[in-house]
């Protein structure tokens, strides 16, 4: 990674985490996190203490998600700041997918001793940046030694409606809608894999950037809940695979409209560039990115026919009765895909 | 590991996590977790939803802690159930050390594909067992693939007093007190390292058991807070090293009384057995276990002179003014020790 790619962050310089030691590493990282009015006791003690009153009162939402080097990111593809954004984003997206507002993040970092301390500082900067975008704060964390880098986030949020929006509430007749961006992360990944890491084309560069550091539409989750969404999920593992989870939990068919899922011009352009790249594999089908690409963290929601679908969502199909599954254009979807661990 | 050691758990049998796959693994694990009245939405959706009203209302305490194979546990020394107990216990101990009652745990498991699914199920049983002992519940989690096993817990609890008990509140004149058990985990570790894994002597077996699966005294944290403790910490990294954290945060000297820290008969017996074991190293000094052994998860607290120290604690010294540090018997402690990552 060159400094241009890493945004000039001093990730590669200075002492390693091992030579710096746990206490110095932790106090250096903590200094990078802003505070917030609800953070009565922040990082540095045995635990954090949160004052969740006023606008933060209400049912508490909690979830946890880990990213592992080699599985979920590569250090030569992503800066530490990207990785911090990614772990915060995928946790906050899960809070949003219940109809909640994320407000707090805890982070546990496992890392080998030879990682530069500057890398951990840049990770903290990415966590802080995504917390800032989401209106949240880093409340605490942990560091451990291990053979590979893994970062676990735990997000807390407040439910913005009386009842959480579950995966199980879709009913026949409901509209299926999704926030924009499905397939963009997969396209960015394909560009990276083809070696087009520092591509100058701004359209392609945006795809690469969104793969490295997703941009979930957090407020759309609350908007969907307030609009009466019957079911919702964060499409972290790909549109079809996550739609299948809603279908199974709801006992219904999610029938997607292929016309509404046409790849955007950005995806078509990425596929074309990849297809014409010397030594490349056959030109990829951007419809695969849309249907089975993971890590977009778009929100898929179902709405009763009477609901006004929020502007942040586009309708992509309708819920039908039948053997639970995902259909495409009125027929069962038989394609494979979507992210699976250990495969 | 033989079945007698593993308590007859089917950890080694059946399909691996990789062949079972993520969805089946998760649904099998979820079935092992009991529910609780405050768990409005439990594991299985994008996030959990908690109703923290009634006796669970109040400031929220949150912390996270990871254990990594090879660093914090060995699969041939500890059962999956032990490891589940350990990750829950060390997180809940941090909640207790603020003066809180733990009520909720989230868990993220990173694991290679070749680990038997039964191992993950036994891990869940250990998590559920320690949650039950603490009055808590597993609300959700995550699974990821990785090269080594790592388990991250995030504990949530409710503060039982108006203000959390921090590390920074110790004042000259305060009494220093600790719950029993310092050194027991280190003694158990020394016995395991000497190959005395399946020792029949019940005293030594208890030390080994407590190393594998610590038993933090959760209610003592609330008792200390209610008694007016000025500072408190979970002694996860060893008595002296954690006392030093209190000393530095408080700007004071923690002067420990060596007479109050004499090794128990159990520790003397373990040292004697290890010293006489064929091929062993020189007989260990059990005072080292007491002062620098980690992972006991005893609670160290400071109390103003006027406070009534709860029965769960024994007084081991007094806070003095001076350059922040730990003293032993009126003189600066110069010994090394205590758990450090990357050393």
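Every residue gets a Cβ built from N, Cα and C, even glycine.
Nobody curates TrEMBL annotations by hand; they come from automatic prediction.
Feature annotations, reproduced from TrEMBL:
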BINDING   A:46, A:94, A:234  Mg(2+) 3 binding site
BINDING   A:46, A:94  Mg(2+) 4 binding site
BINDING   A:64, A:65, A:142  Mg(2+) 1 binding site
BINDING   A:65, A:94  Mg(2+) 2 binding site
BINDING   A:72, A:295, A:339  substrate binding site
BINDING   A:141, A:142, A:167, A:236  ATP binding site
BINDING   A:237  Mg(2+) 5 binding site
DOMAIN    A:44-158  domain 'PurM-like N-terminal'
DOMAIN    A:171-261  domain 'PurM-like C-terminal'
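TrEMBL feature annotations superimposed on the structure.
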residue: A:46; record: Mg(2+) 3 binding site; DSSP class: coil
residue: A:64; record: Mg(2+) 1 binding site; DSSP class: strand
residue: A:72; record: substrate binding site; DSSP class: coil
residue: A:94; record: Mg(2+) 3 binding site; DSSP class: helix
residue: A:167; record: ATP binding site; DSSP class: helix
residue: A:234; record: Mg(2+) 3 binding site; DSSP class: strand
residue: A:295; record: substrate binding site; DSSP class: coil
Using Cα positions only, nearest of the binding-site residues to residue A:46 (Mg(2+) 3 binding site) (A:72, A:141, A:295): A:141
Residue A:295 (substrate binding site) and residue A:237 (Mg(2+) 5 binding site), distance between Cα atoms, whole Å: 6
Among A:94, A:142, A:237, A:295, the most crowded of the binding-site residues [Cβ within 10 Å]: A:94
Alpha-carbon distance [residue A:295 (substrate binding site); residue A:141 (ATP binding site)] in Å: 24
Subset of binding-site residues A:236, A:237, A:295 within reach of chain B (CB-CB under 8 A): none
Residue A:72 (substrate binding site) CB neighbourhood, other CB atoms within 10 A: 22
Cα separation, residue A:64 (Mg(2+) 1 binding site) to residue A:167 (ATP binding site) (Å, whole number): 17
Cα within 10 Å of residue A:234 (Mg(2+) 3 binding site) - qualifying binding-site residues among A:64, A:72, A:142, A:295: A:295
Confidence summary for the domain 'PurM-like C-terminal' (A:171-261), mean pLDDT rounded: 96
Binding-site residues near residue A:236 (ATP binding site) (Cα-Cα within 10 Å), from A:65, A:94, A:142: A:94
Alpha-carbon distance [residue A:142 (Mg(2+) 1 binding site); residue A:94 (Mg(2+) 3 binding site)] in Å: 22
Other CB atoms within 10 A, centred on residue A:65 (Mg(2+) 1 binding site): 29
Count of other CB atoms lying within 10 Å of the CB belonging to residue A:46 (Mg(2+) 3 binding site): 28
Maximum Cα-Cα separation (Å), residues A:141, A:142, A:167, A:236 listed as binding ATP: 31
Rounded Cα separation (Å) that holds between residue A:64 (Mg(2+) 1 binding site) and residue A:72 (substrate binding site): 15
